[in-house]
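What TrEMBL says about this one:
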- 1-29: region 'Disordered' (REGION)
- 65-247: domain 'UmuC' (DOMAIN)
- 69, 164: Mg(2+) binding site (BINDING)
- 74: site 'Substrate discrimination' (SITE)
- 165: active site (ACT_SITE)
């Protein structure tokens, strides 16, 4: 809206127009009063609109967005709950031929190991000192929940991205100095550390992009506050891949044109960015490259399904080919499930045939789980033989029926007492892809949580040759003693993994919430669509 002027008033009543006869003076005065009121109202509305714009600009210019990122979260939780592992190179993931690293401790990263790396490669880099453990999603979920409960106590709105990272925009930091923001971030890290025993790094900036980059620069175990005066210089020298939304394809396209840094991308015009990266995403990334990021921090709507799929260069024509192909697809979907932080109750397999028609089959478990062996076994059971339905060009695996806490593992007393069907075994091949498998005849595998009547909670440190070695320790115990038992001993029983956290009060509160929450009816249903 433009500023009003005298020309916006009624010309028939303007003092600069023809003078009205004296005998019409009263009527003229009435009109002038009405016109003056309209002018004042229009002026008031214009001033209000300018004030709104100014306030909006001031809000963006004075805001501070924080990005909290837990350091090496999966491996850190393992080291927290199993004190013997502190200071050792820990890899979380699977041991099978296609197993990948879900998490690596900083001690493992020194050797070059990292998340998403093939497990065999990471083990080769580290050598015999590597400690490899299967994921314990339920433990990570509870630890994550306590971390972000702690954050929400001082930051009202948190946009949680995954188990281990999230954004916040504390309203009371608006207009604060960098020193004040740094003090707040240090206090937040202290609260998380005192409450959970876990280490977080925090970055702060004027928007999500800067805050996320800052937290990466702060790692490990640090704080990085980026003031507005240094934003452009900080962004300018970073590789374009560091920009949120730039993947390998976009990076390659930009690099071919000689655009290798965020500063070089920022130097383009909007039209050039749109021409290179697309009409929608190009200008958006161009704004981020210039440090313009006014995206709000808001609680995220939870995804209803997590999935992964792959299209094959050559159609698959046998069931054996499908079974081999489903493993890496399920692995990728499972990695995303772990990052999401919830368990899945329903498994869906998608089969697209060479004629482009699609079949989907799904099975629903009695409870939500993140156990990879169980989920993959169900997915494999849902496959159909291409010799019966036709060649397959695309295969997908999806997990749905997502819930925050796996009831069956977190609280056994609330567990559904369902029957185990002999028709639905957990297949050894699927199990081997993700985690260490006990030798034939042994009930235990490395990483299993167990309990002993006298020694308490422990975890299987080694199994084989007819014996099992257990390390008895929890978060609060410090490094515990190791004891060796016959593999079939009755003294050891399966334990609740979350007991290793040793948070009785917090877990009791969660149990009360779970008991009050409605649950889906149990079942093991298979549906074709």
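Heads up, residue numbers simply count up from 1 along the chain you see.
Keep in mind that glycine also has a Cβ here, set from the backbone N, Cα and C atoms.
TrEMBL labels come from automatic prediction, so no person has curated them.
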DSSP three-state assignment (helix, strand or coil) for residue 74 (site 'Substrate discrimination'): helix
Packing count at residue 165 (active site) (other Cβ atoms within 10 Å of its Cβ): 20
Average pLDDT across the domain 'UmuC' (65-247), rounded to a whole number: 94
Other C-beta atoms that fall within 10 angstroms of the C-beta of residue 164 (Mg(2+) binding site): 25
Secondary structure of residue 164 (Mg(2+) binding site) (DSSP, helix/strand/coil): coil
